């Protein structure tokens, strides 16, 4: 892709995200979401492979439908209440429609079908953008409207997302699809607590973004697209694979790693709100996710291929990439001791 075109699309992504997260009027938020969608589509289809073009079309259709629902719900709310302010979502039908639209944009169950397919058709860098940056504006809208949302609906969607994300990730062999189902599962954790503690949802999203960025950058460096390649990458970059194993275990939520912090705080918040049953169910469902993270960690470090590989060990990798991976990996593994300081922000 032309570097100038890539720069324009990247700046458009930043602009669209900024417009949405800083607006308090429904029309401006909708405009930001549309700019984001139009900017990411060329990045998805830039390889011109039929799979990439198919992914771009699927993404466009789903996002267009979700944007139409956002517009429809905001107009309905304005019709009945006379309010265009995002925080004044007082009409129950509008609230239901917004929840549906944002679930479609995020890939929450039962509107998750497009997400693994689109990630599989994209490159690893575009898949990283889809999993992190593109989720930020919809999460912000959920954050702003959290006091008006239906708790029962969100809890059902959250538990279904955690269940399906863990269950469907078990038999995948493509790393992008595994990370897509991991994203759906994490979104379930974010959605279940957003009504009771919206700041905790944002913190969970930030830490999820940090850990997922580390995993995607590592896979991009080792050019790993499936599990069989992951097995042979140990012989090329042993230290990077060891760091990847720790990041995956952090993403699974094992103590004493960073990923344990948001899960612990969410379980504590749900228990405080007397939702012990929901907390128990979603904790049990996280074991499904733990299984495929352990499988990825096992493939990346413990399993050696039965035959020798033709790869030379890569003692020197592209330096800027190495520095960013080192920084992200350190944060993905070692933030738990800072939890008292993090707790003061939520």
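Quick reminder: no glycine exception, Cβ is built from N, Cα and C everywhere.
Residues annotated as domain 'NADH:quinone oxidoreductase/Mrp antiporter transmembrane' in TrEMBL: 23-288.
Taken from TrEMBL, the feature domain 'NADH dehydrogenase subunit 2 C-terminal' applies to 290-343.
As annotated by TrEMBL, transmembrane segment applies to 56-75 (among others). Sequence-distant contacts of the transmembrane segment (56-75) (same chain, six or more residues past either end, CB-CB distance under 8 Å): 26-27, 29-30, 33-34, 37, 40-42, 44-45, 84, 93-98, 100-102, 104-105, 111, 114, 117-118, 121, 130, 141.
Summarising the annotation, TrEMBL assigns transmembrane segment to 95-115 (among others).
Beyond the ends of the transmembrane segment (152-171), by six or more residues, the same chain brings 96, 99, 103, 108-110, 112, 116, 177-178, 181-192, 194-195, 275, 278, 281-282, 285-289, 291-292 to within a C-beta distance below 8 angstroms of the stretch. According to TrEMBL, the transmembrane segment annotation covers 152-171 (among others).
Annotation comment: TrEMBL describes 178-196 (among others) as transmembrane segment.
The transmembrane segment annotation in TrEMBL covers 202-219 (among others). Listed by sequence, the residues of this chain that lie at least six past the ends of the transmembrane segment (202-219) yet keep a Cβ under 8 A from its Cβ atoms are 124-125, 127-128, 131-132, 135-136, 139, 143, 175, 179, 182-183, 186, 189-190, 193, 225, 240, 243-244, 247-248, 250-251, 258-259, 261-262, 265-266, 321, 324-325, 328-329, 331-332, 335, 342, 345-346.
Outside the transmembrane segment (239-257) by six or more residues, the chain places 182, 208, 211-212, 214-215, 218-219, 221-222, 233, 263-264, 286, 289-290, 293-294, 296-297, 300-301, 317, 325, 329, 332-334, 336-337 with a CB less than 8 A from a CB of the stretch. Annotation source TrEMBL lists transmembrane segment at 239-257 (among others).
Summarising the annotation, TrEMBL assigns transmembrane segment to 277-299 (among others). Listed as Cβ neighbours of the transmembrane segment (277-299) (distance under 8 Å, sequence separation of 6 or more from its ends, same chain) are residues 155, 158-159, 162-163, 165-167, 169-170, 172, 175, 178, 181-182, 185, 188-189, 192, 227, 230-231, 244-245, 248-249, 251-254, 263, 266-267, 270-271.
Under the heading transmembrane segment, TrEMBL lists 320-343 (among others). Sequence-distant contacts of the transmembrane segment (320-343), counting only residues of its own chain at least 6 positions beyond either end whose CB sits under 8 Å from a CB of the stretch, comprise 203, 207, 210-211, 213-214, 217-218, 220-221, 240, 243, 246-247, 250-251, 255-261, 265.
Mean pLDDT across the domain 'NADH dehydrogenase subunit 2 C-terminal' (290-343) comes to 75 in this model.
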